[in-house]
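Per TrEMBL, the features are:
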- 23-143: domain 'Acyl-coenzyme A oxidase N-terminal' (DOMAIN)
- 151-260: domain 'Acyl-CoA oxidase/dehydrogenase middle' (DOMAIN)
- 154, 193: FAD binding site (BINDING)
- 290-451: domain 'Acyl-CoA oxidase C-alpha1' (DOMAIN)
- 436: active site, proton acceptor (ACT_SITE)
- 491-666: domain 'Acyl-CoA oxidase C-terminal' (DOMAIN)
């Protein structure tokens, strides 16, 4: 019997679990990287559940913002007091899982301390910026929590466009100090997590000026608050930026400097340096300073896939216990998961989550490879990692946000309640579309790589990495698809590569034409929509190829159901862009109809395995945080119990009635 089935569970969800045609436990092990990893997840879960300090006094949906920040601070101290329970070197795995179980879908006072501040200091990451002396001075303080740091880069007036940041750090050789200044309101640092009220140190990115020349943005470590009183230091103005769409347990902040002096060695000098006399020493590679952003984008891809998987789990389980309407009159109401329209709405989101998780594993491995190479001065893969992480960050975060909303809609009115978990999931995940690089800007960065590749192909000088090799292929003039039953992985990928290649060269040709009468900048802007389209196709080709490759290596007893999921993901991409395949006669309408038939067949084949598939992600109710998606399927009693936590239910008669509504009705009655 499945470990997911227990006495007292909803009958419908129990029956769904019994329908599964594969071993859920083996699928969970495959998803998470093996039986030992799965075992460790459950050990961490058991530990978190055993600690009272990790428990919320009431559901967080019923807390005020001040209560959430206080509650999160309490939990993060308890969480970091117990880091011996996890492998600290495995942030992608055990670290992220431990934090998700403890903090839920919220950030906390030390989120950026661990995700950006410490990685910026460390020499074991490609993101590390300190030299050996600075590492010795700061890393122990940060790891021991003697200081709490954040990462202050984004400004009120500039986010993605780092070259135009306005905060300045001007070197004074007479005192061997930098003078930090915010010359305008728009130079205010804005958004860094924990900056408002919690952090007392920050890595601040500012324009470095020395000997009268601007050397561009550089990172500095800066004390913001007194170590004892926690009051802001002289010349520093900072605070909280107010409530947001989500993650309101975190004090995102603003920061302005008024001619604040910091020592020369506050400049992080692993790559770029300023000597005592003000001489600037440039880094050996111009992109080495981008490591922190790439690191964060890499972990974002996993985090986003996890949120979409949670949404798909909730929608699938709820659709299994919700009965509404009759398909055949007189035969009783059916589970809404039996409606093909419901499957068509939810199952593609499930498929996306699987595809994104597969990509997250790949990007993690590539990041680790680049990290190792950089320790030996090898920057060969850094550009590829930057392009891939930028493109995946954009596509995955956008598709995740859209997918969460589809899952919410699939749950009807109850999906609108915070009890569902969807408002919190969406509020948490959708921020990924804009932080760490606005998505369209990221796509245009990918497009620069694609245009260089296209130029190389046209000139016969291209040396394309595997991810871009399709750009140099000739390809077939028509699709080899006959029926969806005989549609091989190779043919499917070839069709997607055709659409991507065509869009890359469409954008390239338009760009070259525009450059004949416009400046390079204006020409680029005039074709930016086509460039973004090319980048989307490029990334989606990668996602499909990577997912199919992962499935091809899966154990035989899991491969059949994973193939259905992978095919649904690929078919959904094709049918969502019909024009790209029909416009030049590459596909006929009959071939496109075959792809559509493939979708319907995938939906039907996934249907009996749907609950087992989402169970395979191994979400515990503590992590899922959803009344609608609870493991036992007993949704309706749980909804009523959840509602009792409302502050409005603390009394039967509210002041709103006593003060306003009651007198109004009494006065109206007296006049009848």
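Cβ atoms are placed via backbone N, Cα and C, with glycine included.
Shown on the structure are the features that TrEMBL records.
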{"residue": "154", "record": "FAD binding site", "Cβ within 10 Å": "21"}
{"residue": "193", "record": "FAD binding site", "Cβ within 10 Å": "24"}
{"residue": "436", "record": "active site, proton acceptor", "Cβ within 10 Å": "24"}
To the nearest whole angstrom, state the Cα distance for the pair residue 436 (active site, proton acceptor) and residue 154 (FAD binding site).
9
Helix, strand and coil totals (DSSP H, G, I; E, B; other) for the domain 'Acyl-CoA oxidase/dehydrogenase middle' (151-260):
6 helix, 49 strand, 55 coil
